[in-house]
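*Asks:* Just lifted these from TrEMBL, have a look:
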{"type": "DOMAIN", "residues": "1-117", "note": "domain 'Ribose-phosphate pyrophosphokinase N-terminal'"}
{"type": "BINDING", "residues": "ASP34, GLU35, GLU36, ARG93, GLN94", "note": "ATP binding site"}
{"type": "BINDING", "residues": "HIS127, ASP167", "note": "Mg(2+) binding site"}
{"type": "ACT_SITE", "residues": "LYS191", "note": "active site"}
{"type": "BINDING", "residues": "ARG193, ASP217, ASP221, SER222, GLY223, GLY224, THR225", "note": "D-ribose 5-phosphate binding site"}
Amino acid sequence: MKIMSGNSNLPLARAIAGYLELPLTDASVRRFADEEVFVEIHENVRGEDVFVVQPTSFPANDNLMELLICIDALRRASAKRITAVVPYFGYARQDRKPGPRTPISAKLVANLITEAGADRVLSVDLHAGQIQGFFDIPTDNLFAAPVMAADIQARLGGQDLTVVSPDVGGVVRARALAKRLDNAPLAIVDKRRDRPGQSEVMNIIGDVRGRTCILIDDIIDSGGTLCNAAQALLDDGAKSVTAYITHGVLSGGAVARVTNSALKELVITDSILATDAARDSNRIRILTIAPLLGEAIRRIADESSVSSLFD
Ligand code: R5P
């Protein structure tokens, strides 16, 4: 088995390799003067089971291109099996046609990864579970919920917890976390979004008075959804609001928005390499999913069960 990495999240790839007690594959992923991606693998991978770690986060197109070219290099170097480890799958939010004459870019990206030569895909908290079906190759979708639940139990255990979904679409994810927290009650923020990039909180479904609220979502991008939801929960009498979000996209002024928000804390994972601003914010904490990914990779290589990781 070999672990190779693009440039998108080297610390995560190193941590995964550390968990598996393997060195990272010796390769360089660099740019020509005109920014073309060039990949060179400096060791033999013929007949190897290779896992390429490359979240397709900002800059999404560059990181996607690196992933595709790494896969192509491995295929031409006769790797036996190539798994694209894409902890954050960019373009996932474009998983359906929101209007006439619009693309389904998540499907296009799935096609590109498959055509490049990937034999399998491993991702975490895909924006929509059905994106697995966009691939005609085996695709494992891991959940960060066990990592989050352990952190919540350690830090907030014993408090009156209510798990909150910031929108109707996230209820299944919230219910799964609530189940891991001794069946904590659920609440839902009924959100209306007038324009892309803007969000407006309408009302809270469920009683949050005096409760320690845990907001859970897959992505924080501009931070609008989360910060508005936190304020609405406090306005409804919540004692405090802490957010657990798998993928800290945190575009533009999101870190400042979170830092100045009503949120007690934002907890994200290292699926995306955090910016300096995110790391320096005293309101943001990062949990690692390297052991989760490392264990899933070990099980894929051993051909043992991955789903039993979540029993
Ligand atoms: C939407 O369906 C997602 O689950 C997130 O709620 C959304 O992407 C967050 O975006 P923002 O932080 O820009 O409000």
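From the backbone N, Cα and C atoms, a Cβ is placed for every residue, glycine too.
Just so you know, TrEMBL annotations never went through curation; they're auto-generated.
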*Asks:* Which whole-number value in Å describes the distance between the Cα atoms of GLU35 (ATP binding site) and ASP221 (D-ribose 5-phosphate binding site)?
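*Replies:* Rounded to the nearest whole number, the Cα-Cα distance is 26 Å.
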*Asks:* Recorded positions LYS191, ASP217, ASP221, SER222, GLY223, GLY224: which have a Cα within 10 Å of ARG93 (ATP binding site)?
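*Replies:* If one measures from the Cα of ARG93 (ATP binding site), no recorded positions come within 10 Å, so the answer is none.
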*Asks:* List the helix, strand and coil residue totals of the domain 'Ribose-phosphate pyrophosphokinase N-terminal' (1-117) as derived from DSSP.
*Replies:* 39 helix, 26 strand, 52 coil
*Asks:* Nearest of the recorded positions to GLU36 (ATP binding site) by CA-CA distance, picking from ASP167, LYS191, SER222?
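*Replies:* Its closest listed neighbour, by Cα, is SER222.
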*Asks:* I'd like to verify something. Among the recorded positions ASP34, GLU36, GLN94, LYS191, ASP217, which ones have a C-beta closer than 6 angstroms to some atom of ligand 1?
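*Replies:* Passing the 6 Å Cβ check against ligand 1: ASP217.
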*Asks:* Measuring CA to CA, name the entry from the binding-site residues ASP217, ASP221, GLY224 that ends up nearest ASP34 (ATP binding site).
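*Replies:* Comparing Cα positions, the candidate nearest ASP34 (ATP binding site) turns out to be ASP221.
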*Asks:* Please classify the secondary structure at GLY224 (D-ribose 5-phosphate binding site) using three-state DSSP.
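*Replies:* In the DSSP reduction, GLY224 (D-ribose 5-phosphate binding site) maps to helix.
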*Asks:* Please report how many Å separate the Cα atom of HIS127 (Mg(2+) binding site) from that of GLY223 (D-ribose 5-phosphate binding site), as a whole number.
*Replies:* 16
*Asks:* Ranked by the number of other Cβ atoms within 10 Å of their own Cβ, which of the binding-site residues ASP34, GLU35, ASP167, ASP217, ASP221 ranks first?
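*Replies:* The most densely surrounded of these binding-site residues is ASP217.
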*Asks:* Count the other Cβ atoms sitting within 10 Å of the Cβ of SER222 (D-ribose 5-phosphate binding site), across every protein chain shown.
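*Replies:* Its Cβ has 18 other Cβ atoms within 10 Å.
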*Asks:* Starting from the Cα of LYS191 (active site), work out which of the binding-site residues (ASP167, ASP221, SER222, GLY223, GLY224, THR225) are within 10 Å.
*Replies:* ASP167, THR225
*Asks:* So, three-state DSSP: helix, strand or coil for the residue listed as 'active site'?
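*Replies:* In three-state terms, the residue listed as 'active site' counts as strand.
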*Asks:* Calculate the distance in Å between the alpha carbons (Cα) of SER222 (D-ribose 5-phosphate binding site) and ASP167 (Mg(2+) binding site), and round it to a whole number.
*Replies:* 15
